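Pulled from Swiss-Prot, these are the features on record:
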- 43, 44, 45, 46, 47, 48, 49, 50: ATP binding site (BINDING)
- 11-332: domain 'ABC transporter' (DOMAIN)
- 111-201: region 'Insert' (REGION)
């Protein structure tokens, strides 16, 4: 897949469903990933984030929908033909090979473009002749499939169809969609096979040695080339797995919770290292994790996955500051939630007090969820919006986490200052600290 014309959007998932038997694990997934971005799929266990990664990598097939690589649907393309490399949670290193042996493994299959002067004119003429035949066949097959799909879609519009008949027709339509994807890739696949045979050569031993030396230096493994995998720490194994993936020069690196087995300090170092490598090489990284802090620190964009759907897809700061709903807000960080009532433009009522808000998009009288992050609340001993007392004080290393009781409401506050239990305090915040969200099934 290396010779497809490049576009800004490198991967696009369009209306992707995935079913395992009668269970739907992904439901209408739509996701565009830009070339060179570090994108994290974040969600709780069982949300579907790893399934999305496996679909992109070709380890699972979609039930329906499209997975586009540079604009072409590749859902029927097997994993080994996709321009991706995958780093698994357990690294999947070969225990019988050394560090060098693991990295070298993929290189042995790599081929190098021949110089133009090394290719006879007759080869180019043959390629152009075959390319025309492939194009004609591709157009004919795609036209046939479009006619078939239109016919099946027309039949499915009949409301009188019983469940069994409808499922049979839907299965035929899904199958035709896979065949359509196959023929959409036909010209590219045939062209690449021809180029591999006639326009490339095997990589030489000297070239292999240079590439291994370069990648080992890049990932910081110099001096460890001949060590056995069993002798390495978790962090070093991770570097070997990364080197093995990068040395084959993929366009996309898929990472399935690769840091989850590491202890905290090594994990933090590897987070910095991964981001540095990704930025240096300009590759697209798609990273799966359930760790919110990890996602916020590493990502250019985060897709929050919940129950097989994308709850929100945006830049980390936008998701943290402007979550689309209460669930996302609670999942992505510590939160204080209040029931709020929108009074009028730029005015909201919280805990019986009317306050200024930067929000102006809601309807007067509308009931809303209100989010205020603990770190956005200030403590004052003399004045503020609400008066309360400290009922819990927990030292977190770089700050104190306080629970403040305001009438019947507990408000969590993060502060650098220590306050004794039972201390009377006032709480206040900046206008933009209030984030209002629509309530599910809210009444006006």
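Positions of Cβ are set from backbone N, Cα and C atoms, glycine also.
Here the features listed in Swiss-Prot are placed on the structure.
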{"residue": "43", "record": "ATP binding site", "Cβ neighbours (10 Å)": "26"}
{"residue": "44", "record": "ATP binding site", "Cβ neighbours (10 Å)": "12"}
{"residue": "45", "record": "ATP binding site", "Cβ neighbours (10 Å)": "7"}
{"residue": "46", "record": "ATP binding site", "Cβ neighbours (10 Å)": "12"}
{"residue": "47", "record": "ATP binding site", "Cβ neighbours (10 Å)": "22"}
{"residue": "48", "record": "ATP binding site", "Cβ neighbours (10 Å)": "22"}
{"residue": "49", "record": "ATP binding site", "Cβ neighbours (10 Å)": "27"}
{"residue": "50", "record": "ATP binding site", "Cβ neighbours (10 Å)": "21"}
Extra residues within 8 Å (Cβ to Cβ centroid of 43, 44, 45, 46, 47, 48, 49, 50), ATP: 290, 305
Mean per-residue pLDDT computed across the region 'Insert' (111-201): 93
Per-state residue totals over the region 'Insert' (111-201) - DSSP helix, strand, coil: 74 helix, 5 strand, 12 coil
Secondary structure of residue 48 (ATP binding site) (DSSP, helix/strand/coil): coil
